[in-house]
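S.K.: Handing you a structure now.
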């Protein structure tokens, strides 16, 4: 996996060091920008849940199925709770929460996630999960002073720390196990 990540280092580093990430940590990302980001991100939350459900259904070992079930529970409580609280704080109307106009990037990512879910291929699902979650972890783990506002800090906290590191490592280990 490390070799794969290294082969994409330029794009990976550009994502990890993106202006949005820098401003998120500084607490200076404008509410309008954060609102747009969260609205788009939430549009593949549903598809992400389906991917995890697919992993739970197609994993070949019970411990892996249970790990996916635990992650689904965390997403249902913590991450969806963050979205709803942040949408309220940022004044996101119901229509933008459930049926906004999608950016091309969001539409393409949702399509890739839907195709992975429809494939019923555990390795295919894991590839997308590893890339997405490892990328979140890489930007989330930076050692800088945390911003003060909930909408900034909590999004960062959801993507860092021992539990999230363990989740990403589980995904990497599973992918290496089933996809030589």
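Including glycine, each Cβ sits where the backbone N, Cα and C put it.
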S.K.: Given that TrEMBL lists 41, 133 as binding substrate, which residue among 6, 79, 176 does it place in the same site?
M.R.: 79
S.K.: Would you mind checking how many other C-beta atoms are within 10 angstroms of the C-beta on residue 79 (substrate binding site)?
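M.R.: I count 20 other Cβ atoms within 10 Å of it.
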S.K.: These are the binding-site residues: 41, 133. Which one scores highest on other Cβ atoms within 10 Å?
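M.R.: The largest 10 Å Cβ neighbour count belongs to 133.
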